[in-house]
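Visitor: Supplied in structure tokens, the structure appears directly below.
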């Protein structure tokens, strides 16, 4: 499937499938670099996977019984226990919101990553030919805007709890007097600490984006370079391996969030 007016070449196929449905592509904004150039497909599928997460957990919570649990309830309980154990082992403060935050991040990122296993043309083809939607990327976590938005959300919480727990003065002292506790080293300390602080959301968001984008490119290459009846030969082995990537990236994002929240709750004199 190629963009309108573009020859069905491997390069055109790849370019088409790496293009988001955006307000610029729909002619709603004049410039592609505009702040209001929104990736509609990424937002839709991130909301869609979020609703799936909420729907499953809400349904299980309503039907939870003290007797023999069903398979879905067992799966949900295992996930909750897994996340709770990691929070207990890693987070050393007292905040009842950290466990729900970690659970939400793990499940949401996992579901967004899981969209990478949907066959390349399964949704874009009918979207273009039946609904007239020219572009459609179904993996939200392969969009740097989504991953960086989540990372910046975690960063905002980190700053908020750092100031709340340590006080504005304590937070400032932590930046100015660490690692060298002398006033003459304040400029050097600030340089190190500010760069380290800003690197946290950048690495958090870019790590997830890089891994998922690379996985998506491999699937697209398999679809572009092979005839349709042989695509499974290239995609299946990668899909089996990619299941591990999907899980690991969701776990890493969750664990780093817990670690950052724990650092934010540490006393400034710790």
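In case you wondered, yes, glycine gets a Cβ from its N, Cα and C as well.
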Visitor: Name the residue range among 14-34, 77-97, 98-118 that Swiss-Prot annotates as transmembrane segment.
Guide: 98-118
Visitor: Of 187-207, 208-228, which range does Swiss-Prot call transmembrane segment?
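Guide: Comparing 187-207, 208-228 with Swiss-Prot, transmembrane segment matches 208-228.
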Visitor: According to Swiss-Prot, which listed range is transmembrane segment: 122-142, 143-163?
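Guide: That would be 143-163, the stretch labelled transmembrane segment in Swiss-Prot.
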Visitor: Please give the sequence-distant neighbours of the transmembrane segment (143-163): residues at least 6 beyond its ends with Cβ less than 8 Å from one of its Cβ atoms.
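Guide: Result: 20, 39, 42-43, 46, 95, 101, 105, 109, 112, 137, 171, 174, 200-202, 204-206, 208-209, 212-213, 253, 257, 260-261, 263-265.
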